[in-house]
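Taking it in order: structure first as structure tokens, then the write-up.
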């Protein structure tokens, strides 16, 4: 592997460039790469909500990038969604295609991996310190993380939601091309090393029963159903860590809704794999 300094002239003759160096780098070098005929697949939030920039999960809305072609040498920019959005929509979209989702309530339980390698290291260090009766080192997070959970550490907005929660709201609407869908979210950081979990409540326009939902999920690409009530076996972050597929379980009728128009599901997915790197690589593969 050849490693070179990134400069404004780095993209001549490059068909596809995967960006994962943060928003500021993407904003500076992404447009320069496109101008040189390169297709940029960007893993930051820099361009996700920009009009005209496709926000893509290949299994969900591949057609959004149909106009971008490698062989025309015109370049282009494709945004990778946020990890919690990808994991959520991988599970919900097969159901949404069958019966449109009117309203979605998402509660996320997000691992240290979402905050980077330093956060994972700090969680491990804090765990040892707390067990040894020592005060925990709090550099990445400004409170004890080990044996604790707290509201996601992204910035709070005027409406009381944090940025992570609003990403789920806005990105879902863009990816589904459905500005009318109602989405609300609560995002929580939990002391899990890797892989996010999400509890999702759905309200549909038309009836969708449990058995039909499971069958739709079993047939969906990139999804595995782990839903064994008899053995009380359902998805866990540990079991999906370092795996590509998103796991779905706890599929059950929402008893607060009438007419079989509501479901609850529980979803786990590796934030680094399908929630970030794998999705970007899949986008690049679809361009070839």
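Using N, Cα and C of the backbone, Cβ positions are placed for all residues, glycine too.
The active site, acyl-thioester intermediate annotation in TrEMBL covers 83. DSSP assigns residue 83 (active site, acyl-thioester intermediate) to a helical segment in the three-state reduction. In sequence order, 114, 196, 269, 271, 275, 276 constitute the residues six or more apart from residue 83 (active site, acyl-thioester intermediate) in its chain with CB-CB distances below 8 Å.
The secondary structure of residue 196 (active site, proton acceptor), as reduced to three states from DSSP, is extended strand. Taking the Cβ of residue 196 (active site, proton acceptor) as centre and 10 Å as the limit, one finds 27 other Cβ atoms among all the protein chains shown. Taken from TrEMBL, the feature active site, proton acceptor applies to 196.
Taken from TrEMBL, the feature domain 'Semialdehyde dehydrogenase NAD-binding' covers 2-68. Confidence over the domain 'Semialdehyde dehydrogenase NAD-binding' (2-68), given as mean pLDDT on the 0 to 100 scale, stands at 95.
Taking H, G and I as helix, E and B as strand and the rest as coil, DSSP gives the domain 'Semialdehyde dehydrogenase NAD-binding' (2-68) the counts 21 helix, 9 strand, 37 coil.
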